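Reviewing the structure listed below.
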Amino acid sequence: MNNNDLNQNRRDFLTKSAVLAAAAGTLTMSTSSAQATTAAVDKPIAVAGYVKKPQNLTDVLMNARKIMDTCAACDISGAGRCNGKGPCGETVPGMGGKRLSFVRNIEAFEEVSLNMRTVHNITQPKTEINLLGVKLSMPILTGITGGLTYNMGAANKLAFDGEMMTEEKYARGIIQGAANSGTIGWAADGIGDPLETYKRRMNVVQEFKGRAVAQIKPRTQKEIFERIDIVQQAGAPFFAIDVDSAGRAARALPGKTVEPKDLKKLKEIVNYAKIPFIAKGIMTVDEALMCAEAGCGAIIVSNHGGRVLSSTPATMHVLPSIVKAVRDRGYKMPILMDGGVRDGGDVLKALAYGAQAVLVGRPMIRASLGGGVEGVEMLFKRYHTELVSSMVLTGVADVNNVDPSILIQEV
Ligand SMILES: Cc1cc2nc3c(=O)[nH]c(=O)nc-3n(C[C@H](O)[C@H](O)[C@H](O)COP(=O)(O)O)c2cc1C
């Protein structure tokens, strides 16, 4: 199947999912127009054996495993970590990603250990941060993940609660689950997504004004500005562009163009937007400095979870030099990271390397698909509990001040 066919399939699915979402009552659409269009679509697929009211993360993962075709939710089977070594393979779209970069992200966390220190009086460490004016209960955000219904094989299927799985439903799980946990969730932009699909995701962002943020693909400047207007109207406090999606530039179709962004274009985006712009997918010191010079509100050190280039370094390997270079030049912009953050101990390690916050991708995807809002809340709670426990056991009082000496490099 060539890329044009794939894009056509995605477009077909998105059109169909909009209709199905309307049929399931998740979109505002007049009854008559919904009835008129649903006749043409396939019958939604019921999935057997769901836990209808998931009580814990095991139930959530069991549900997620049932709805997804491209992820085996290995965590259930005792592996404990989604590490790219399971049967997910090297497929994109899907959870696997380009195996080497994905696996390296995980292994980089395993190379560093936490120095255990318990002779102190820290019992209630502080986990709150202020990120670009937004107070968060913990330095953990959801990953930026979209297209889950079509990327994960959840298209045309009923979710665990018996309702049609749609992009809006997925976004709600992520965004409301994060907001209820006192932090923030991202709505994504898929390269092939029509503007209408993006607007529907922004409706969810608008509902959680100030507690939901949005990403835009590195489209043409004109298309980016059009989406920035929508994001701002939805009340998002900041937005990101995953500049590392530029790899699809060579395959772009009319209206689906993505492109690398040079310093001039970064500055144009910063100047156009009334809210802070975060550049996601920064892996080198020089580009981090260009983002700082352009006036970006923050950067996310990320290799897209290993999904765009098969042989990048781990994000944890490049993070310290990026932090050092940015801080040495006096820039205060927050530096976030993602890729392989699988528990609260990993969060603490990233903070010790100088990150202000982390994003969690694949585990949140499964939480939303398998447990919706409550599934995402359960996962945030687990990460928070583990973070607090790791802080007590390493003698860290405040996530805003984590000393690198809590880490030991394994040799
Ligand atoms: C299925 C899937 C879809 C993704 N979609 C997007 C996207 O639309 N935009 C984006 O910036 N990153 C996207 N990402 C990358 C994530 O934002 C994030 O960088 C990555 O998942 C972090 O690694 P982790 O999954 O190991 O936590 C996606 C990742 C996955 C697994």
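Heads up, the Cβ atoms here are built off N, Cα and C, so glycines get one too.
A helical conformation is recorded for His304 (active site, proton acceptor) in the three-state DSSP classification. Under a cutoff of 8 A between CB atoms, and with a sequence separation of 6+ in the same chain, the neighbours of His304 (active site, proton acceptor) are Gly97, Asp242, Asp244, Ser245, Gly281. The active site, proton acceptor annotation in TrEMBL covers His304.
When other Cβ atoms within 10 Å of the Cβ of Lys280 (FMN binding site) are tallied across all protein chains shown, the result is 23. Residues or ranges marked as FMN binding site in TrEMBL: Lys280, Ser302, Asp338, Gly339, Gly340, Val341, Arg342, Gly361, Arg362.
Summarising the annotation, TrEMBL assigns glyoxylate binding site to His304, Arg307.
Per TrEMBL, the feature domain 'FMN hydroxy acid dehydrogenase' maps to 65-411.
Residues or ranges marked as signal peptide in TrEMBL: 1-36.
Under 6 Å, Cβ to nearest atom of ligand 1: this is the test, and of the recorded positions His304, Arg342, Arg362 it is passed by His304, Arg362.
Sequence-distant neighbours of Asp338 (FMN binding site) (same chain, six or more apart, CB under 8 Å from its CB) are Gly143, Ile300, Val301, Ser302, Gly305, Thr315, Val358, Leu359, Val360, Gly361, listed in sequence order. Under the DSSP three-state reduction, Arg362 (FMN binding site) is assigned to helix.
For Gly340 (FMN binding site), the same-chain residues 6+ apart in sequence whose C-beta sits under 8 angstroms from its C-beta are Asn83, Phe102, Asn105, Ile106, Ala108, Phe109, Ala314, Thr315, Met316, Asp346.
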